[in-house]
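Report on the following structure.
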Amino acid sequence: MAFNDLLQQVGGVGRFQQIQVTLVVLPLLLMASHNTLQNFTAAIPTHHCRPPADANLSKNGGLEVWLPRDRQGQPESCLRFTSPQWGLPFLNGTEANGTGATEPCTDGWIYDNSTFPSTIVTEWDLVCSHRALRQLAQSLYMVGVLLGAMVFGYLADRLGRRKVLILNYLQTAVSGTCAAFAPNFPIYCAFRLLSGMALAGISLNCMTLNVEWMPIHTRACVGTLIGYVYSLGQFLLAGVAYAVPHWRHLQLLVSAPFFAFFIYSWFFIESARWHSSSGRLDLTLRALQRVARINGKREEGAKLSMEVLRASLQKELTMGKGQASAMELLRCPTLRHLFLCLSMLWFATSFAYYGLVMDLQGFGVSIYLIQVIFGAVDLPAKLVGFLVINSLGRRPAQMAALLLAGICILLNGVIPQDQSIVRTSLAVLGKGCLAASFNCIFLYTGELYPTMIRQTGMGMGSTMARVGSIVSPLVSMTAELYPSMPLFIYGAVPVAASAVTVLLPETLGQPLPDTVQDLESRWAPTQKEAGIYPRKGKQTRQQQEHQKYMVPLQASAQEKNGL
């Protein structure tokens, strides 16, 4: 009997799974809000220099006489005249600049508060020479996500999924709330970094805890559900940001609910699969019997005993004798190959995704409308992705999503700027494909890595995604060399990464691997084709040690039938 059979015995997809999955994925509604929150809290309204304090604005011309014009006839945002230019025809916008001397905005700025009454940009004057600080805040948030993926992925394999989730909810609640009351920009950035760390842990452990409690045939459904909840969060952000335009109120509104998530997360049940892989058979039995009671299978739960579990989960128990580490991803040839291929997929998906979604003001239309459209396209995209994942498999779904996204972005690079409808449509389509790619890569990664290193592998994958999200804004600077250069780069990377999927095995209908031995035995044909399967007599010392204490996988009848 394998672990999947034990899950079926205690109720399969019963009341417990329905309740826990719902409660675990609910915080993802607000995780989407945090990831793109600065599109609204750091929006840049129209602005221009404030005249000197002693300026007489009651005379004919008023404010206009202090503002030079750019080539489009609009007031300069970062310059003002050193003295009023009374004789120049600024009011009709025909004079481009004038001959007066100019200076920076030494007395501050006047902002158009009609759309964005209050943002971190207007509060701390993050414009002109300080404009880069706005991007710094988002980059530091992504650095936090990067650190969180590494730290909490590792801790989840050591301490368990439940404990780390509880900590992450509390950290998000506290740091997000403190960011809303930050007295200055450096403190705001520090708390945003801490929020990013915690949200990375929530993202990783949400997927893993749910997948490890679900039977094989429902894992794709869970992955797709998580993706849809994240997409709904994008709708939620557009509505909430429109209703609450003040950045401090908005920051608080998307952070305070995590206090409630922290409270109810104490009732989560830790993954029995993680308990067994850690060698804690007593806790495995207790968790399974508790789930059986919740699912109305008390009698089936009573049939379980320590002896039954020892016979059924001998492999997980022997696994507990060897502690996997992040270095295992590089020592073992099979895991190293997985790590390198999956890292490329994670990086490419995140790199192109954030290249599109973090420049909403660049579309020239309502930022709230674009946010809704970007959220709406996820729904059909992820539905199609789900159908492909469940019918054709994870590998073709991942390849198609990245390839189509890259093609859409590349086409945008050659379409003229005045074709705004076509360009926007392609960007939306590309964003939908990248959202489907994220959905697939989360599920695919969790199914490829063995149990004892699964969360570490997920954490390293998410780490590479955060590297992509940090590098992505830097690529936008290449537009100074050639306007379409960023789009060519954003498109070429996912197209190239899509080819990597042919080097990975298919996981559709397969039980989760618990050891490296499981992975190698199922992946032998793919490894041989790729030329990475270790030849006889060439095993490393680490692999030989694994063979001493790992028993072969004995698939149950249900698993052999893909159930």
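Backbone N, Cα and C define each Cβ position, glycine as well.
The annotation topological domain 'Cytoplasmic' is assigned in Swiss-Prot to 1-9, 157-164, 214-224, 270-337, 390-395, 447-455, 506-563. Residues annotated as topological domain 'Extracellular' in Swiss-Prot, with sequence analysis given as evidence: 31-135, 359-368, 417-425, 476-484. Residues or ranges marked as N-linked glycosylation site by Swiss-Prot on the basis of experimental evidence: Asn39, Asn56, Asn92, Asn97, Asn113. Sequence annotations record features per position, and here Swiss-Prot assigns site 'Important for interaction with cidofovir' to Tyr230. Sequence annotations record features per position, and here Swiss-Prot assigns region 'Disordered' to 525-563.
Neighbour counts of Cβ atoms within 10 Å were compared across the glycosylation sites Asn39, Asn113; the minimum falls on Asn113.
When Cβ-Cβ distances below 8 Å are used as the criterion, the topological domain 'Cytoplasmic' (157-164) is approached by residues 201, 205, 208-209, 212, 265, 268-271, 274-275, 278, 324, 452-456 of the same chain, each at least six residues removed from its ends. Secondary structure counts, DSSP: the topological domain 'Extracellular' (417-425) has 6 helix, 0 strand, 3 coil. Asn113 (N-linked glycosylation site) carries neither a helix nor a strand DSSP state and counts as coil. Within its own chain, Tyr230 (site 'Important for interaction with cidofovir') has Leu28, Leu29, Met31, Ala32, Asp378 as residues 6 or more apart in sequence whose C-beta sits under 8 angstroms from its own.
Cβ atoms under 8 Å from those of the topological domain 'Cytoplasmic' (390-395) belong to residues 220, 440, 443-444, 447, 501-502, 504-508 of the same chain, restricted to positions at least 6 beyond its ends. Proximity of distant same-chain residues to the topological domain 'Cytoplasmic' (447-455), defined by a Cβ-Cβ separation under 8 Å and at least 6 residues beyond the stretch ends, is recorded for 153-154, 156-157, 161, 204-205, 208, 211-212, 219, 273-274, 277, 316, 319, 322-325, 328-329, 335, 338, 342, 394, 504-505, 507, 510, 512-516, 518-519. Each residue contributes its Cα atom, and for Asn113 (N-linked glycosylation site) and Asn39 (N-linked glycosylation site) those atoms are 16 Å apart. Under DSSP, the residues of the topological domain 'Cytoplasmic' (390-395) split into helix, strand and coil as follows: 4 helix, 0 strand, 2 coil.
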